[in-house]
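A quick write-up on the structure given underneath.
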Amino acid sequence: MAPSGPAGAQPSPAEPLSRSIFRKFLLMLCSLLTSLYVFYCLAERCQPGSGPVAGVPGRGVPAGPRELAAWPAGAQRKRLLQLRQRRRRGRPGPGYNSDQDEQNPGLAASPGGSGAGSSVAEAQSGTLALLLDEGSKQLPQAIIIGVKKGGTRALLEFLRVHPDVRAVGAEPHFFDRSYHKGLDWYRDLMPRTLEGQITMEKTPSYFVTREAPARISAMSKDTKLIVVVRDPVTRAISDYTQTLSKRPDIPSFESLTFRNRSAGLIDTSWSAIQIGLYAKHLEPWLRHFPLGQMLFVSGERLVSDPAGELRRVQDFLGLKRIITDKHFYFNQTKGFPCLKKAEGSGKPHCLGKTKGRAHPVIAQEVLRQLRDFYRPFNRKFYQMTGRDFGWDE
C-alpha cells in the first residue's frame, strides 16, 4: 500500500508537460537569436568578440588601407567602388545649372561625383575616411578643352560612369582665368585618385584662349586633350539661345550675325560666330601638342551614337571599354541620350533643364549665308584633323 501524505504524493501529468514546452520555447528563442546574429554579421555590422580577422573580405570588419592592399585585385576594386558610391556627394543635383560653369570663374561648392568642391574630409569618419584618404590628388592627365555648346557636359557626365575616371564637376577655368594662383592651387581642386585612375577636368573656353596651349604644355607635355566640336552654325544658334534665356532683351540673332546685313558681311567679332572658326583656334594647339595627343569628338554623334563616340574616347584615354550601349537610352522629350544609371546612383540621369532648349527660328537665307561663310574654315579643319564631320553636306 502506497504511503500517504506529501512524501508519497505522485507528480501531476501537467508538470513535466509544462517544463517540456518551456524548454522548447527556450531552444526556439536561442535559435532565433543565433539566426539574427548570423545575419547581422553577414551584413558586416558586427565585430565578433573572439578576435576577428581584420581586413579579410566578407569577415565583418571594414578593411583599412594596409589590409586592403593585401586583398585580391578584384576584391579591392569591388570594395572601392562600393565605398565611392556611399560617399558620392559632388554630383550636380536636380537644381544644378551647368551653364554656370561657362560663365562663373568660381567653383561650385559641391560638384558632381568627384568635383572640385568635394573633399575626402567630407567622407564618413573612421575606417572609410582613412581608406578614401589613401588616394592622392594629381594634376589632370586629360582635359576636355572645348568647345562651348558642343557637348562637353554630356561627354563628362558619360565618362564619369567609368570606374577609372575621376573628374572635377565644375569648370576650374585655371588656364584662362586663374593661372596666377599656381599649380598647387589647381592640383588641390582635383579629386583623389587611386593607382590606375585618370584625373580629368573640362573647361570649354580653353580652346579659344590663346595662352592655354603653352600653359598646359608647361604643366605637362603628355596631357591628352579632347575637343568636342559641332556644326558651327548650330553651335552659334545654341550659344545665342543660352544668352537669350538669361537676357531676353538682346538683339535678334540676325542683327548680331551681320556687320553689314545688305552686304552679307559676317561679324566675326561676335563670340558666337568667332568660336566656330575651329581651324583658326586649332593652330596654336598644334604648335605645342602633336595631333595624336588630341581627340576630336563629334557633338552630333555624341547624340546619335553616344556609345560609339565613347568607345573612341575610352580607347584614346587607354581605358577598358566599359561604357557601352547598355548604359544609354534616348529621351524623346529632350532629344538627347540619357544614362540608365548615373555614377554612384541606381537611377536614370539626364542633363539638366538648360540642355535641349528649343532654338529660335532663323531665316533660311541667314542659315545659307552662315554655311557659306564657315565652309572654307570647316574644310581646313577637316584637313587638319583628318576627319570629315559632314557639316557641309
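From the backbone N, Cα and C atoms, a Cβ is placed for every residue, glycine too.
Within the same chain, the residues at least 6 positions away from K149 (active site, for sulfotransferase activity) whose Cβ sits under 8 Å from its Cβ are P204, R230, R235, S238, D239, Q242, listed in sequence order. Residues or ranges marked as active site, for sulfotransferase activity in TrEMBL: K149.
The 3'-phosphoadenylyl sulfate binding site feature in TrEMBL is assigned to K149, G150, G151, T152, R153, R230, S238, K355, G356, R357, A358, H359. Within the same chain, residues at least six positions away from A358 (3'-phosphoadenylyl sulfate binding site) with a Cβ under 8 Å of its Cβ are T241.
Per TrEMBL, disulfide bond is recorded for C338-C350.
The domain 'Sulfotransferase' feature in TrEMBL is assigned to 140-380.
Per TrEMBL, region 'Disordered' is recorded for 84-120.
Residue environment of C338 (disulfide bond) contains 19 other Cβ atoms, counted within 10 Å of its Cβ in all protein chains. In this structure, the C-alpha atom of C350 (disulfide bond) lies 13 angstrom from that of G151 (3'-phosphoadenylyl sulfate binding site).
Ranking the recorded positions G151, R153, S238, C350 by other CB atoms within 10 A of the CB puts C350 at the bottom. Computed over the domain 'Sulfotransferase' (140-380), the whole-number mean pLDDT of the model equals 93.
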